[in-house]
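For reference, the structure discussed in these notes is given below.
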Amino acid sequence: MLNRKFNSLISRNVFKINNKYTKAPKKVFYYSFWCFVILLLVFGFYFLDAKWMTFFKSMKDFGDRIKEMVSWDFKDFNNTDSFGNSFMKNVVKSVWTTISMAFAGSILGVIISIPISIMAASNMVANKFLNNFAKFIIAIFRTIPSFTYALILVGYFGQTTLTITIAITIFSFSITSKFLFERIEHINTKIFISMQATGAGKIKSFRAAVLPQISSHIISAAFYALETNIRYISVIAGVTGIGIGQLIDNSVNYGKYGRVGFLLFILICIIIMLEILIYVVKTYIVFDKDYLLDQKEQKKIRNKIKKIKEENNLVFYIKNVLLKDWYVKYNQLKKDKVNNAEEIHTLLKEKKSLVKNFKVEHKEKIKADKASFQKYKLENVNSKSWFIFDEKISCDIRLDKIYITEFTFNVLNLKSQMQADLKDQADNSHKKFNESLTVEKVLKANPLGFIKRVVMYLIILVLFCYSLSLIEFKLENEATITQTNKHLIEMFKINWASLFSKAGSAPYSVIYLLFEGIAISVVGTTLGAIIAYILGIVSSQNITNFFVAKFFVGITSALRAIPSYIYAIIFISLVGMGPFTGALALMMGTVGMLSKYNREVFDEVNMKLVAQLQATGLNSWQRIRYGILPQTSSSVVSYIIYRFDINFKEVSVLGAVGASNMGYLLNSYFQQQYFPEFGALLLGIICVTLLVETISTILRNKINYGINPKWVDYLIIQIKQYWFAIYKANEKLVNKKDSLEFNESYAFYGYTNKFIDKKAKEIKNEQKISYILAWYKAYCQYFELKVSDENNVSYKETYKKHNKLFKETIYEFKLKRKELVKSIKTKQLLHRDELLNNFGSELSQIQDIEQKKAFKKDFRNSLKYIKKNTRIQINNLDY
């Protein structure tokens, strides 16, 4: 009874339609996910020592500090010291050194990442051990904080540009190897395999079939690494006292915020210029978009479609409907401007009059609908009579929204039609172009394609060689290197006691610092996501008007250009060093990134659905809640999870400037030579970062694609197999047969229990008896059981007898299931043994080495197929 009662409570929306049973899917993931999120939020805000009062009180100081940062005294900047150096001279030198180190490190990092990425790709290297080993290397290097490399390398190469370049090289490898590996995994390998089948070697096949497909990705990875390195090199360089990072640190320490602001301005300008340069190079050289034959014409059409989609409905109607004939006349008169000057002037006046009159009429119609509706409401209290059904849009329209709804849908339909016509035009144009395409036409259209690529590679090579020439190649003396090697060995002598308690020289346990890092990430991501969501809405032209959207796009672009650690430097001067500062810095970094992603999500919203909600009388907030949120929630949540993953990795980096205890102590342990504690903390960071990244990937795959991890799918199958016998037994006892598929049988079990529960409540109210007795009666009625005497004991005894039969039936189905699984496995073993018996004899008959390899590969694939097919048959519950 309890099992059925519990099932009736958790069974959601069970339906019976034409003798078919169906049930709404369980929301186990949904409820589990949000419970986990709520617990994480409570933990984050409780664990973090937030200084909100200090932060809000310092807002006045924040304004003063910003004024200081934009007050640049160029006279002071150009004053020379006793050595003949000025601040401005040092800035130019540091910026150039920083860019040179970033460029050399980025190129070297990408070069190293190429073979490792190829090794990690299973479609290139068919060796699981090598694949997994390469993936392990990529994963480990991605989890180590970037400034840690510089700390260790100083012991070998000193505080030189070489140390920073090598550190940037390792960092570039860590951020580009995964990017390249994922791209290589998705390339077309058919040509690569075909060339090897014809006798070509792997290297030759790779050069001819794979390299052309990944060359653009390699260049993209190099540019991505360069942009990232320019952003974060200040943290790495700050550890060694070289580059722009050291100038920023010195200026902050001496309280010269005018210099800090100038340096940040220079850094932001470099990042923006670099982004523009990368866009131009990628667009017009890497992907050849200026020479893709009919690409210019296709681009024009795409831009027209985009403009139509983004244009305000009222503006679109005025241009394409109201002034359609006017533009025809105007274009004719424009052909001869001199002779038609007076007529053009008159026509322009007519345009102003037409637009003005239409806008007035448009507003009056909206007001008239509202006035008549208010009058109608007073006379008709029943709200159901306030709506009329429109067959064109299959929607109820409230009486005050008749005109605006008709206008909106007419415009949206016209937009859709124009976009469809333009798409057809683009397809037809491209089809005609392909039909007329010749070799001569291609060569004529692309005369400089080869030259510009060669020029680009030559420029990169020259800059790379020049940047290498600026690096100070130096090796520390033997005693220092020996001491550094000892320090490295000591790092592996981990202070295990410091993992869970204060031990040795550790002021905090590693687990405490990791929890603090998670709390910083939670608070920063949450606050940033909320602000980014609002900014995403107001910067989307689908929701706000053109000028408001562009204004906020500009603001969010500026926020995105500033790295998180720069925000940390600013906030430290307001609320001091500590975890709360790190949370604020991550909040700003999250705002910059997610506001862009959210805007792109909102731009793809189906506005017809929103217009239908407007027609029913919903206000702006209600339209966002019921029309926009459901369409965007999964993408937005996925991006928030992705950003949380990034934020946790950034917590350690922020510690280098004093914005988190975890990174600060990692730096301090090394500087003060507490290497066992350093090793323990670094191990904790690596393990938890891997865990966070894994969970993030699992959640995003589930939210975006509905893909479960293999262990979850296995668990679900095991649970289904457990309940299979119960559902089938219930079905057989009710229908006297078991012909339903598993999902329908599962829904039928829920329907049965829901029906019994509902009937029990009716009997309880009618006969004024206890619910338990009513439930027994409802059960007997549903299963059509004969009761010997109409008394309470008889109903209970009858239920017990039937429940015993139910358990026996369950046992029968379990036995049948076991026998079926046993027979499937027996067939698999027989088939497998047959293959193994024939393998040796067939292999001995093959003389050619390549044919032997192919035969062995086919044999392995056959064994895999048998195993997979067996698993599918065992997991199949529809029989």
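The backbone N, Cα and C atoms fix where each Cβ goes, glycine too.
Heads up, TrEMBL stuff is auto-annotated, nobody curated it.
Record note: among 192-210, 230-248, 762-780, 230-248 is the stretch given as transmembrane segment by TrEMBL. Same-chain residues lying 6+ beyond the ends of the transmembrane segment (162-181) with a Cβ under 8 Å from its Cβ atoms: 101-102, 104-106, 108-110, 112-114, 116-117, 120-121, 134-135, 138, 141-142, 144, 146-147, 149-150, 153-154, 156, 214, 217-218, 221-222, 224-225, 228-229, 232-233, 236-237, 240, 242-243, 471-474. Outside the transmembrane segment (260-281), and at least 6 residues removed from its termini, the chain residues within Cβ reach (under 8 Å) are 68-72, 77, 91, 95, 99, 219, 223, 226-227, 230-231, 234, 244, 247-248, 251-252, 456, 558, 561-562, 566, 569. Most Cβ pairs within less than 8 Å of the transmembrane segment (454-471), among stretches 28-48, 95-121, 678-699, belong to 95-121. Panel annotation: around the transmembrane segment (95-121), residues 130-131, 133-135, 137-138, 161, 164-178, 180-181, 184-185, 218, 221-222, 225-226, 229-230, 233-234, 237, 242-245, 266, 270, 460, 463-464, 466-468, 470-471 of the same chain, lying at least six beyond its termini, place a Cβ under 8 Å from a Cβ of the stretch.
Sequence-remote contacts of a segment are chain residues at least 6 beyond its ends whose Cβ falls under 8 Å from one of its Cβ atoms, and for the transmembrane segment (28-48) they are 515-516, 518-523, 526, 579-580, 583, 699, 702. Same-chain residues lying 6 or more positions outside the transmembrane segment (133-156) and placing a CB less than 8 Å from one of its CB atoms are 116-117, 119-120, 163-164, 166-167, 170-171, 173-175, 177-178, 181, 232, 235-240, 475-476, 480-481, 483-484, 487-488, 649, 652-653, 655-656, 663, 666-667, 670-671, 682, 685-686, 689-690, 693.
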